[in-house]
Ligand SMILES: O=C[C@H](O)[C@@H](O)CC(=O)C(=O)O
Ligand SMILES: [Zn+2]
């Protein structure tokens, strides 16, 4: 069996208030997603969002169904988004081959039976970062390259948050049931993502931090805006953001992260912003 899955239950702001560092990490932090020849999955009870990593080595690696889904195949009642954060690779969907280079995305609609990951070169393996959510209908499977992204440049050098938001799997690019995914790249010398911070109580979110240079780290802020906490993130780690939580980070260098969301609606802009002086 090359697939593993771990369950994370949903928690309330009240219980989160009393967590120490280890408890917060156990609930929200995803320390390891990529192991050669493995598909590693984390099932969150927030919007039944699955976060995962697939790292095919010498052999192609199938996306197998897992017991918690009680489904004959993984995408029986789900949709899937993939962004490649490693070397060139392919994803084969019911026999159709999609080439995914670094930072390219693939949306796979509900009902596809066979998904197989492969690396072009095992010496520089593909690292497929995965998000999956329940789906009520089937939308077309489609690759989205960086050129096809909906790009927004936000922030500025003087506030240390100059960054490019690449909306990849969002409703301005293609239709999905509830999944939204994209990638935000900080410009050199900038440290803050998602500042001013926000919440969106109708959608949960997961952040995956990568391109964090050796010896550096990102401090991820979470919690209700007036009750914040932090989790230190290493390269290639993810963190679950409950719908009631801010999700913002400051790195000891610039870095890149993938955001994935699911829940009530597909309106990227429906955030409740938190004024910076009001944060506690
Ligand atoms: O709800 C939107 C998500 O939190 C991210 O897209 C925000 C982000 O990438 C950023 O501001 O840097
Ligand atoms: Zn957000």
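Using N, Cα and C of the backbone, Cβ positions are placed for all residues, glycine too.
Taken from TrEMBL, the feature Zn(2+) binding site covers 198, 200, 205, 247. Long-range Cβ proximity for residue 200 (Zn(2+) binding site), meaning a same-chain Cβ under 8 A and a gap of 6 or more residues, is found for 243, 261, 263, 270, 271, 272.
Other residues of the chain with a Cβ within 8 Å of the Cβ centroid of 198, 200, 205, 247, the Zn(2+) site, are 194, 197, 199, 203, 241, 243, 245, 246, 261, 271. Annotation for residue 205 (Zn(2+) binding site): same-chain Cβ neighbours under 8 Å, separated by at least 6 residues, are 241, 247, 259, 260, 261. Counting only same-chain residues at least 6 apart in sequence, those with a Cβ under 8 Å from the Cβ of residue 198 (Zn(2+) binding site) are 246, 271, 272, 273, 274.
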